[in-house]
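Working notes for the structure below.
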């Protein structure tokens with residue numbers, strides 16, 4: 001009997017082993033290794049391929065490395081983070097390491113998707129913020145990143161409440177001994193006179209990472225909208241595999257998707273839609289993905305005041321998949337999108353397109369919802 | 001201003017000079033902020049209703065307009081910002097350099113990034129009319145882009161100096177396929193495009209359901225040629241996947257747009273958007289008058305536009321007939337970047 005799938009992507013990792021005396025000595029005593037960053041190999045011995053460090057872990061590692069604070073740890077983890085990036089188009093690996101207000105440390109990496117236009121790419125800074133959102137961390141204090149954030153990211157970061165004071169360190173710009181001065185600069189210095197939420201929203205509207213509840217509920221089951229000519233009956237699967245039937249048994253043979261799974265996915269996608277940050281369009285949305293082991297990952301649409309830098313719900317869910325330990329995208333076997341029925345900003349067709357490129361065998365279903373009377377503004 | 005300046009997106013050199021003179025301004029540069037409000041009125045932002053206008057001065061003395069475009073029914077990343085429209089407008093009209101621009105609101109980070117695609121983008125002079133206090137005549141306060149996007153990431157980080165940048169002449173070295181071997185991808189929905197999905201009684205014939213206009217073979221060739229030219233002019237040095245789109249309206253007029261890539265990837269302007277800029281700047285009316293569209297892109301493109309192009313056109317002009325053609329680079333075409341591995 002298969003274990004019951006969990007709703008939340010749980011990151012379970014063994015308790016952090018004490019670094020061996022030899023390792024510690026070699027790091028502390030080495031004159032070859034720059035004080036600036038440990039190489040990925042050494043860091044991997046301390047830090048397995050994870051996207052979140054709990055507060056105690058981060059503290060422990062800082063202490064082992066004899067650092068004054070966890071903030072000093074951030075730049076040292078950047079190179080290791082870069083190795084987790086997935087940029088098959090550019091091969092330009094970007095890593096970002098951020099410190100949450102609750103003491104946790106989060107990783108962000110860039111993702112690129114061959115076969116699709118470039119605007120579907122996820123930047124490391126976007127991954128980082130999505131990672132915090134996914135783990136319910138309410139504030140990002142500072143982050144270190146391998147390369148200067150591009151304008152698109154500097155704009156996306158404006159969605160944070162404390163954006164102008166967000167501290168940023170670019171490791172490729174730092175010369176010499178890191179310990180002397182941690183050169184974090186505020187975001188306001190690298191995007192002056194920004195355009196952002198303050199230009200469009202009133203103060204009480206929740207911003208990115210703040211609790212959202214869009215008051216959405218799924219449409220009644222009997223009014224379940226299945227577009228006649230949509231490819232719900234012939235999705236990515238049909239187009240590509242000749243002998244695929246529209247049955248619950250997936251061709252991977254691994255797992256039989258059942259009604260219980262569908263309910264789980266739908267519930268997760270609805271939750272993600274309810275948590276979605278979409279104050280500009282009023283069109284929140286969420287996606288839930290399930291892998292071949294029945295594990296569920298969910299992501300919420302995260303909108304930008306400048307529109308174009310908005311992070312789509314599929315991308316947000318893919319961030320959750322990777323941050324949750326997912327390996328190959330082909331392991332994603334089912335996806336559900338929840339969005340408003342008559343949305344001015346619709347994700348459905350785009351979501352289908354992305355999934356077709358990323359995981360062709362993934363079964364994709366869309367459910368529509370509506371907001372309660374007292375729900376979000378539009 | 002509307003009496004002086006009808007709804008146009010380009011002012012020729014003499015026009016710009018004569019308007020400047022009639023307004024008693026010292027230079028055409030001073031004219032730019034005065035035209036911003038009029039430009040704003042040409043914007044098409046049905047989602048936000050936030051009208052943005054940009055007015056730019058080209059190195060050849062012409063003045064260009066840019067406005068923002070939004071497309072209900074598709075995700076927000078398809079929006080065109082006024083600054084992007086402006087640059088695309090210069091590209092459409094073959095203006096080799098943008099000297100300065102005035103815009104109604106501070107450019108967002110996405111645009112500040114997109115502007116990096118210009119040679120010496122950092123020195124581009126920008127004036128934000130909503131930030132200018134007092135009398136404009138005193139002296140318009142243009143600031144360089146470097147001041148509002150310090151330490152930028154851009155082409156200089158990725159490309160050799162000899163690679164052409166945005167607005168510089170591009171020739172991607174595509175070759176027209178031999179007439180009898182025109183490659184039409186059998187798997188694409190050339191036979192059942194955006195139209196089929198939506199109209200029940202539509203046949204795949206030359207007669208379009210609105211009865212206005214019959215697309216014939218000659219039109220098809222025109223469109224294909226224009227899209228091919230647009231693909232050859234596309235700025236895609238990062239992916240090595242240039243593309244172009246040509247649109248035809250109900251009067252048979254053709255508008256073409258080239259894909260314009262950004263070093264930061266996401267701010268890249270898709271070929272459909274570029275063609276829509278050409279359409280709007282060329283005096284095109286409602287999008288529903290666009291009846292046919294052709295996309296040309298590389299056969300095995302790591303960055304593919306086809307499905308996305310179809311999606312946008314379905315939302316923007318549901319009756320538009322869409323066809324994709326593929327091509328291969330010439331043997332001696334520009335070097336493709338080293339695209340290694342997939343996942």
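Positions of Cβ are set from backbone N, Cα and C atoms, glycine also.
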Binding-site annotation, TrEMBL, Zn(2+): partner of A:150, A:153 in A:120, A:123, A:173
A:123
Around the substrate site recorded as A:110, A:111, A:112, what other same-chain residues have a C-beta within 8 angstroms of the site's C-beta center?
A:85, A:86, A:87, A:89, A:94, A:109, A:113, A:121, A:122, A:123, A:124
When the recorded positions A:110, A:111, A:125 are screened for a C-beta under 8 angstroms from chain B, what remains is none
Of A:111, A:112, A:153, i.e. the binding-site residues, those within 10 Å of residue A:125 (active site, proton donor) when Cα atoms are compared
A:153
How big is the gap, in Å, between the Cα of residue A:150 (Zn(2+) binding site) and that of residue A:110 (substrate binding site), rounded to a whole number?
12
Work through the binding-site residues one by one (A:111, A:153) and point out the residue whose CB has the fewest other CB atoms within 10 angstroms.
A:111
Measuring Cα to Cα, tell me the gap between residue A:112 (substrate binding site) and residue A:123 (Zn(2+) binding site) in whole angstrom.
9
How many other Cβ atoms are found within 10 Å of the Cβ atom of residue A:112 (substrate binding site), counting all protein chains shown?
23
Can you count helix, strand and coil residues in the domain 'CMP/dCMP-type deaminase' (A:69-189) using DSSP?
45 helix, 27 strand, 49 coil
Measuring Cα to Cα, how many angstrom lie between residue A:110 (substrate binding site) and residue A:123 (Zn(2+) binding site)?
4
